[in-house]
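Here the structure is laid out as structure tokens; the discussion comes afterwards.
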There are 2 protein chains.
Amino acid sequence: MNRKGIIIVVSGFSGAGKGTVMKALTAKYDQYALSVSATTRTPRSGEVNGREYFFVTTEEFEKMIEEDGLIEHAKYVNHYYGTPRKYVEDKLANGIDVILEIEIQGALQIKEQYKDAVLLFITPPSADELEKRLRGRGTETDEVIRKRLGRAKEESVGIEKYDYIVVNDKLDECVENVHRIISAAHCSPDRNIEFIDDIRKQLEKY
Amino acid sequence: MNRKGIIIVVSGFSGAGKGTVMKALTAKYDQYALSVSATTRTPRSGEVNGREYFFVTTEEFEKMIEEDGLIEHAKYVNHYYGTPRKYVEDKLANGIDVILEIEIQGALQIKEQYKDAVLLFITPPSADELEKRLRGRGTETDEVIRKRLGRAKEESVGIEKYDYIVVNDKLDECVENVHRIISAAHCSPDRNIEFIDDIRKQLEKY
């Protein structure tokens, strides 16, 4: 079958391990590309422009919005985050599935424009495990951790808007589950209209 | 997560290799059970009652219909075919996914009663390959083969009613694709309401 790329939107509680899962997934399977977002926030130590994010000014970001150069964007803690359109559409055209790691606001914007986008929500097996992981990082103050857990509570309201919920208990299993979900999505009749038309035409002679 | 069984309905052109795929799938993974249909047709050589089918009389079959003992039934070439309810519901309650190999009429009856049933359509990669496989069996007359191909043409009209279309080119790949589709289905929010409620309750304290 002629494979067309799918947009995969991945959200999940901060601390669910989304980044790690996506890194492992794209390392293991070469049909996936991770989209790089643009943001107006300052780079953290170790972050490289064009790798973690495209770091841009507020003026540059607003120009991208105006010119319809972003497929979604959102403001979060006073900073803009958005997904550049060109990268995504080039990959899709080449049969590559593009993974976007974004918040629910952006996820729903994507689903409106790209009806066949697949929305995944990644969650730890329990809230206790989430707290444990956030504390385990050892880099955040108690106040920041509380804030993230409070935000997780807010985010949990939207889970049903997602197409799939994936528990990140063991990393390998979670990566495989995400891969299975995306592989399954490629088998929907909507994504195989050409194949179906072809086989129907071929059967006409009987 | 507390896994509940799903009904998987498998249809496909005669000659697509459904039976072989399902046998390989259930041999490889023990979370699947193949439902055994009841039929009024005469057993073919080698067929065992209770293995390929439950062979029953027309009177017995009609009694099962009356007593609501079948979750679907259809008449095809003057014979009844149907799926006994008890076996299916017992397996589902035990977290086993039940696979039903049935025609489109039955598939749609199932979907009406079990909204979350997953409908798969298995197809060979092309109509030529289908004809080759039917002829390759060497057991059917030319007339029977023509009839099956004519029926494939009719069946191809309904493909979009299925949730997934799976090409059976290489057996192993096809088996894996079916497994991926079913695994993905288990990750829908609808099938994880308890888990979602639990994590929401746990997050309330923050």
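Quick reminder: no glycine exception, Cβ is built from N, Cα and C everywhere.
Keep in mind it's a predicted model, so treat the numbers as computed, not measured.
A 10 Å cutoff on Cβ-Cβ distances gives B:GLY15 (ATP binding site) a total of 23 other Cβ atoms nearby, all chains included. DSSP classifies B:GLY15 (ATP binding site) as coil under the three-state reduction. Among the features that TrEMBL reports, ATP binding site is placed at B:GLY12, B:PHE13, B:SER14, B:GLY15, B:ALA16, B:GLY17, B:LYS18, B:GLY19.
Residues or ranges marked as domain 'Guanylate kinase-like' in TrEMBL: B:5-183.
Note on the binding-site residues B:GLY12, B:GLY17, B:GLY19: the fewest other CB atoms within 10 A surround the CB of B:GLY19. For the ATP site, the Cβ centre of B:GLY12, B:PHE13, B:SER14, B:GLY15, B:ALA16, B:GLY17, B:LYS18, B:GLY19 serves as reference, and the other residues of the chain with Cβ at most 8 Å from it are B:ILE122, B:PRO124, B:ASN168. With a cut-off of 8 Å between CB atoms and residues at least 6 apart in sequence, the same chain places B:ILE122, B:THR123, B:PRO124, B:LEU130, B:ARG148, B:ARG151, B:ALA152, B:GLU155, B:SER156 near B:PHE13 (ATP binding site), listed in sequence order.
One residue stands out among the binding-site residues B:SER14, B:ALA16, B:LYS18 for having the most other Cβ atoms within 10 Å of its Cβ: B:ALA16. This prediction places the mean pLDDT of the domain 'Guanylate kinase-like' (B:5-183) at 93.
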